[in-house]
Amino acid sequence: MVFLFPFLLAAGVYLLLRWVIWHPHHPGSAAVAAKHALWVGIIGWLVSSLQPAAKAGMIPVPGSRAALSTPELLTALAWPVLGCLAVHAIGQLSYPGPQLPHRQASLDVRRVRDFIPRRLAWTVFALFIAAAAQIAWTATLPGFDPQLYVPRPEPSGGYVYYGGDGRVPGADLAVPLGGALLVLAAGTFAVLVLIARRRRLEALGTEDNGLLRTIAMNRLLRTVATIASGLAAIAGSHSSLPDPADATGSWFNPAGLVNLAVLLAMWWWQPPRLSSGVTGTRPAARPDPQPATRLVASIGPALGVAAVLPVVAAALIPGVLTNHAALFVALAALAVLAVVTAGEVLLGHNYGIDGEARNWPRQAVSPAMFTTCVAAAAVLAGVVVAVAARQSELGAPPSWPVTVWSTAAVVACAAVPVLVIRRRRGVGSLVPGLDAALRAISLHRVVRTLAALLLAQAGSLLMSAGPGLQRFSPPGPDPTAALWQFASGGGVILAAAGVVIAVIPVRGIAARQKGTAPRSRQAVP
């Protein structure tokens, strides 16, 4: 029955997708095909979770939990890899066959490169290379045995609890992870070929048939990108685990943070839309004749590039940022604030006019964003107080001071872009209120960055300090110990909320200023 279950599940998925694509009056129409492609993407995403293999390669402390055996690890890796590929392959096979009395002949040769989204494909290729490099590096690391939590006296007085989980040699984990990555890469290419060569839908024209193949490739590549980054995160968790003999109070997995960023990016990377599908066609935005507006809008993508600066710095200076998650987050926020400042300087240099009035916006920051920033500050303060009290109670090394001073440094540095925004020369324009609107956009970006920083710092403190608090907990009964078991999970939620806030676009700021031009449909990042 165990071997029969995957085939029964595949048959159920096939019947579900056949039911979605079938329509009594319009089988295979654009609206039905768009809905079918959406269902394929949803089911493929649901089966792609690597959570059962998150603790792979770790040797737990005796008596705490059971370690993953080799068959269990292979099963935990096979389900998301093979399941995702199978769902997308079944999705292509579930399209209806020819229905017309005379079959439409097509002599064109369909190749993968004719339909694949190029930018997404190169992004996924880079993620596969990065995952392979992470797994290869993990293969070179030695293992160490777990140690029971025992108190040892310190020269300064008091006791420090030593102990924690161990890990297997890196090669023992790299083999199954590398095999899963190779299977994922080969299977992805095979499904891409299947998408390119499957039969066309008679109800759609040639252009819509090609666009439907691009949509299918987009959904496949986005899902396998998250799986590849998840495999790298598992390897990164193994390599970041400290030796329990060193009594390291906290640790941080940069690959896990990258995995979260990849997940959010793939959610945001929407596929193209069929001309008459269920979602309709996105109207083309009219070009803005104001060059100053185009400059401010172009700064948005640069903010995203600046936010990944810590990843580059961690690669150039190993150990400095990876051992202190707060520095990792603070450097990203500083890079974003630097880009905002540089953008304002460039805006004033290129389009500022001497003697032009400096129009300050009537509402510099929206109430929702201001409230979010204040709430994020309250959350960070509460987390710092709770972690500091717990670490002091257990005698654990304090990890919160780095979070406090790095956050305070970034908040102090945020005064620089605000001052530059305030003193920038006015921008002359035929559109009333444009100068005030541009200042409001930059202020929104500064406050948005601070709100994201505060929540991300709270999340990183919980994620890094949570395992250390468990290691230093006394062996006796402790009514509050159960709450700290969820510290890492709460930290992940707070960090994810910080990332979401960091990408909230600027909507309607120009329209809220007095006498501005009509509201644009496009959001400024």
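Don't overthink the numbers, they just go from 1 along the chain as shown.
Cβ from N, Cα, C; glycine included.
Because TrEMBL annotations are produced automatically, they should be read as predictions rather than curated entries.
TrEMBL lists 28-48 (among others) with the feature transmembrane segment.
Annotation source TrEMBL lists transmembrane segment at 120-139 (among others).
Taking Cβ pairs closer than 8 Å, the transmembrane segment (173-195) reaches residues 56-57, 70, 73-74, 77-78, 81-82, 85, 88-89, 92, 112, 115-116, 128, 131-132, 135-136, 138-139, 167, 213, 216-217, 220-221, 224, 227-228, 231, 234-235, 238 in its own chain, all 6 or more past its ends. Sequence annotations record features per position, and here TrEMBL assigns transmembrane segment to 173-195 (among others).
Per TrEMBL, the feature transmembrane segment maps to 220-239 (among others).
Residues or ranges marked as transmembrane segment in TrEMBL: 251-269 (among others).
Taken from TrEMBL, the feature transmembrane segment covers 295-319 (among others).
Within the chain, the transmembrane segment (325-347) has long-range Cβ neighbours (under 8 A, six or more residues past its boundaries) at 252, 254, 257, 292, 295-296, 299, 302-303, 306-310, 313-314, 402-403, 406-407, 409-410, 413-414, 416-417, 420-421, 424, 427, 438, 442, 445-446, 449-450, 452-453, 456-457, 460-461, 463-464, 498, 502. Residues or ranges marked as transmembrane segment in TrEMBL: 325-347 (among others).
Annotation source TrEMBL lists transmembrane segment at 368-390 (among others).
Summarising the annotation, TrEMBL assigns transmembrane segment to 402-421 (among others).
Taken from TrEMBL, the feature transmembrane segment applies to 442-463 (among others).
Per TrEMBL, transmembrane segment is recorded for 483-504 (among others).
Annotation: stretch 442-463 has the most Cβ pairs under 8 Å to the transmembrane segment (402-421), among 220-239, 251-269, 368-390, 442-463.
Against the transmembrane segment (120-139), stretch 220-239 shows more Cβ pairs under 8 Å than any other of 220-239, 368-390, 442-463, 483-504. Packing against the transmembrane segment (483-504) from elsewhere in the chain are residues 257, 260-261, 264, 268, 304, 307, 329, 336, 369, 372, 376, 379, 383, 390, 448-449, 451-467, 469-470, 473, 525: each is 6 or more residues past its ends and has a CB under 8 Å from a CB in it.
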